[in-house]
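Asker: Have a look at this one.
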Amino acid sequence: MKHAENEYLNLCRHVMEHGTKKEDRTGTGTVSVFGYQMRFDLSKGFPLLTTKRVPFRLVASELLWFMKGDTNIRYLLQHNNNIWNEWAFKSWVESDEYTGPDMTDFGLRSQQDEEFKVQYDEQMELFKKNVLEDDDFSNKYGYLGDVYGKQWRAWKTTAGETLDQLKDVIEMIKKTPDSRRLIVSAWNPEDVPSMALPPCHTLFQFYVADGKLSCQLYQRSGDIFLGIPFNIASYSLLTHLIAHECGLEVGEFVHTIGDAHIYTNHFEQVEKQLAREPRPFPKLTLNPDVKSVFDFEMEDLTIEGYDPHPAIKAPVAV
């Protein structure tokens, strides 16, 4: 039987073979295709990729952060999650209050210049310490703008009110499961200019059939090597959590990507991953005593039987 991970591996192959060379906002360069869809049957294992290690702890803590409506990286740092650091760090080193060494193009330079990397690591550690310990600093530089959590839980209306999209869609799944309006959007055009990184995963929709909950994500932009594996696991986890609260089984996670791209400095890593054979997907177990999705904490989520190939490191484009 074909392993479900081939949905992702075939995406990698397709883009490497047929992608168009494009410049991008970060100056790194990509090959990309427009419009691609993957499907994962969540009843047949949790799609945490096995051809390289994907850190479930980071996926889960980021999702819980989104679900809390939080937009400050302090919560993430408190859970040893550093995946959003670079975007917040950028706002600090570009501010008038920053007096350290020049950090221009720190993402690329830290990969190419060992002497600079020492300085970068020192400044990043100082930044993290300040976010964790200094409330004023955290409020100013740990804040990412009205990113995912804010849009999910407190979307601002023109009437000056807020909409809790996530809470509302869960209630709709319970009361009107056949609705075609089971949608949450993170793309708020008015707020996009103020965001550290405008939403890449922009809109998701739920679908209930035969007692199963499925989810489709529309992702406007997908970093195939670093980002997409996280997104697959994150929205699969979200589907499990909401199905749990609504008394449903899990169905499919359908992942639709607009600009699906591989950065030019990830080619070697992608080839290395494609040379590996997938292993069985792990099993996700949720604490049955937790009834609401908003009450889950890290200790309530368990992954069993995860035996991936080793991690493959790659630079992030900021």
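Keep in mind that glycine also has a Cβ here, set from the backbone N, Cα and C atoms.
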Asker: The dUMP site in Swiss-Prot lists ARG25, ARG180, ARG181, ARG220, SER221, GLY222, ASP223, HIS261, ILE262, TYR263. Which one of ASN188, ASN231 belongs there according to the record?
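Answerer: Site partner of ARG25, ARG180, ARG181, ARG220, SER221, GLY222, ASP223, HIS261, ILE262, TYR263 for dUMP, according to Swiss-Prot: ASN231.
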Asker: Enumerate same-chain residues with a sequence separation of six or more from ARG181 (dUMP binding site) and a Cβ-Cβ distance below 8 A; give 'none' if the list is empty.
Answerer: MET172
Asker: Return one of helix, strand or coil for ASP223 (dUMP binding site), based on DSSP.
Answerer: strand
Asker: Within 10 Å of each Cβ, count the other Cβ atoms and name the one among the binding-site residues ARG25, HIS261 with the highest count.
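Answerer: Answer by Cβ density within 10 Å: HIS261.
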